[in-house]
């Protein structure tokens with residue numbers, strides 16, 4: 001009875017200290033936090049989408065002596081895949097390590113370190129040492145691995161910080177706003193690539209490219225991506241620790257109230273007075289991956305992880321090799337120089353970003369707090385499957401021999417419904433479901449599992465999309481298989497994913513806990 005009384009008192013007072021956060025009106029700081037927190041996602045997308053045009057430049061420099069005229073200037077897909085996979089492996093490590101550190105020592109204390117890792121690694125990519133092909137690619141892969149660690153660390157920290165600052169009514173839109181910075185990263189990557197290539201091409205007079213100029217161009221494109229993230233470092237360091245972490249994990253309510261007053265128009269003096277009498281209860285003393293944790297949050301962790309895993313298989317399969325999918329829209333590389341070829345790849349990426357990717361993010365921001373996470377995620381998986389089937393089934397009989405706008409529309413729809421669907425919601429939901437002291441850890445685990453799916457998608461697509469004579473299964477079978485993955489994602493979402501719309505973070509963390517099990521947690525089985 002004593003333990004039950006203490007638990008009830010603690011819950012009432014904890015909800016009291018967080019009521020102002022949940023009901024706070026939308027303020028300037030919320031939008032400032034979106035920009036600050038979103039710069040890591042911006043850098044992630046910039047880095048991902050600058051690789052296809054950069055590979056065109058590297059192909060001209062290091063693969064210009066191929067005896068096969070069809071593959072002249074083409075970087076082998078295995079090399080392109082390796083460049084992507086090294087970053088993804090780093091991302092897996094970063095999500096797990098920084099996610100855990102965010103719960104153990106605080107979000108703010110490791111937030112700036114993750115950003116600085118990204119900035120320095122981006123510059124390192126541009127300064128890849130040596131001039132020989134093997135040495136350049138190895139050093140580029142090494143710095144991309146470090147870049148991935150920083151990007152991975154930013155995922156759970158940015159999502160959690162935004163979720164813990166936001167109010168319950170617009171929390172989904174704010175977290176989606178952070179994630180939407182990926183869209184602007186894609187657009188910035190394409191824009192920078194086009195500008196740099198245009199400048200170098202004009203300086204070169206449109207003639208055959210000098211290798212030194214192409215080598216300088218791809219390095220410059222990579223390093224420019226570090227500038228926006230570096231500019232936000234100061235503001236990240238000035239951000240206070242989130243009030244939820246300070247109050248619920250560090251149990252320092254007066255400090256949480258002072259931090260709230262620094263950034264939000266909230267007066268928390270009354271809350272501090274009432275909450276200062278909180279008993280020092282150890283009611284929630286179960287550890288990560290204990291039986292109690294698995295019973296309470298295991299299903300939610302599985303749902304978040306499997307959804308992220310499935311969507312990343314599809315997203316990265318389509319994303320990383322898009323230049324291979326629509327290379328029929330590019331000029332023959334024998335008729336253009338390296339800068340013109342890279343410019344065309346970046347231009348197509350920019351068109352897709354403007355017409356499908358960014359609108360998908362904005363659609364999620366508008367609807368996420370109106371129709372809910374689960375419905376958007378299921379809808380996204382469903383329409384991704386439809387679009388992939390519409391491309392895949394008649395691929396060899398129609399699309400492979402007909403260059404028209406219909407193919408690009410269908411291809412663009414896969415990106416629209418990915419972002420107006422599971423690609424965004426899988427970033428949002430893990431930041432809402434778990435207790436404050438496990439939040440970044442669980443988000444990191446979900447994201448790490450997702451990036452394992454990305455690795456499978458990128459490597460698997462590399463093999464599977466080959467024609468059967470090359471020991472692959474071909475584009476039709478590959479795209480139908482990806483559509484099947486989307487169907488599985490829709491089914492798992494329906495059966496396992498919890499809806500978090502309109503609930504406070506403290507209400508969400510108790511979704512999977514019944515009353516009897518709460519009493520078991522309180523009593524510590526004593």
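Note: Cβ is positioned from N, Cα and C throughout, glycine not excepted.
Annotated domain 'Major facilitator superfamily (MFS) profile' per TrEMBL: 33-501, in sequence order.
Listed by sequence, the residues of this chain that lie at least six past the ends of the transmembrane segment (33-55) yet keep a Cβ under 8 A from its Cβ atoms are 75, 79-80, 83-84, 87, 114-115, 118, 122, 144, 147, 150-151, 154-155, 157-158, 161-162, 165, 174, 177-186, 188-190, 192-193, 197, 218, 221-222, 225-226, 228-229, 232, 235-236, 239, 319-320, 322-323, 342-343, 345-346, 349, 353. Under the heading transmembrane segment, TrEMBL lists 33-55 (among others).
Annotation comment: TrEMBL describes 75-98 (among others) as transmembrane segment. Through the fold, the transmembrane segment (75-98) approaches residues 47-48, 51-52, 55-56, 58-59, 62-63, 110, 114, 117, 137, 140-142, 144-157, 316, 320-321, 324, 440, 443-445, 447-448, 451-452, 454-455, 458-459, 462 of its own chain, all at least 6 residues removed from its boundaries and within a Cβ separation under 8 Å.
According to TrEMBL, the transmembrane segment annotation covers 110-129 (among others). Residues 39-40, 43, 47, 94, 98, 101-102, 135-136, 139-140, 143-144, 146-147, 149-151, 153-154, 157, 161, 219-220, 222-223, 225-226, 229-230, 232-233, 236-237, 239 of the same chain lie 6 or more positions beyond the ends of the transmembrane segment (110-129) yet place their CB under 8 Å from a CB of it.
The feature transmembrane segment is assigned by TrEMBL to 141-161 (among others).
Taken from TrEMBL, the feature transmembrane segment applies to 173-196 (among others).
Here TrEMBL flags 216-235 (among others) as transmembrane segment.
Under 8 Å from some Cβ of the transmembrane segment (348-368) lie the Cβ atoms of residues 49, 52-53, 172-173, 176-177, 179-180, 182-184, 186-187, 189-191, 194, 322-323, 326, 329-330, 376, 408, 411-413, 415-421, 424-425, 428, 501, all in the same chain and six or more residues away from its ends. The feature transmembrane segment is assigned by TrEMBL to 348-368 (among others).
Look at TrEMBL and you will find 380-399 (among others) tagged as transmembrane segment. Beyond its flanks by at least six residues, the transmembrane segment (380-399) meets 310-311, 314, 407, 410-411, 413-414, 417-423, 425, 474-480, 482-484, 486-487, 489-490, 493 of its own chain at Cβ-Cβ distances under 8 Å.
Annotated transmembrane segment per TrEMBL: 405-429 (among others), in sequence order.
Residues annotated as transmembrane segment in TrEMBL: 441-463 (among others).
Residues or ranges marked as transmembrane segment by TrEMBL: 475-496 (among others).
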Remote residues contacting the transmembrane segment (173-196) - C-beta distance under 8 A, at least 6 residues beyond either end
30-31, 33-35, 37-39, 41-50, 53-54, 158-159, 162-163, 165-166, 217, 220-221, 224-225, 228, 342-343, 345-347, 349-350, 353-354, 357-358, 360-362, 364-366, 368-369, 419, 424, 427-428, 431-432
Which residues, given as numbers and ranges, are at least 6 beyond the ends of the transmembrane segment (141-161) yet have a Cβ under 8 Å from it?
33, 37-38, 40-41, 43-44, 47, 82-83, 86-99, 102, 107, 110-111, 113-122, 124-125, 128, 175, 178-179, 239, 242, 427-428, 430-431, 439-441, 443-444, 447-448, 451
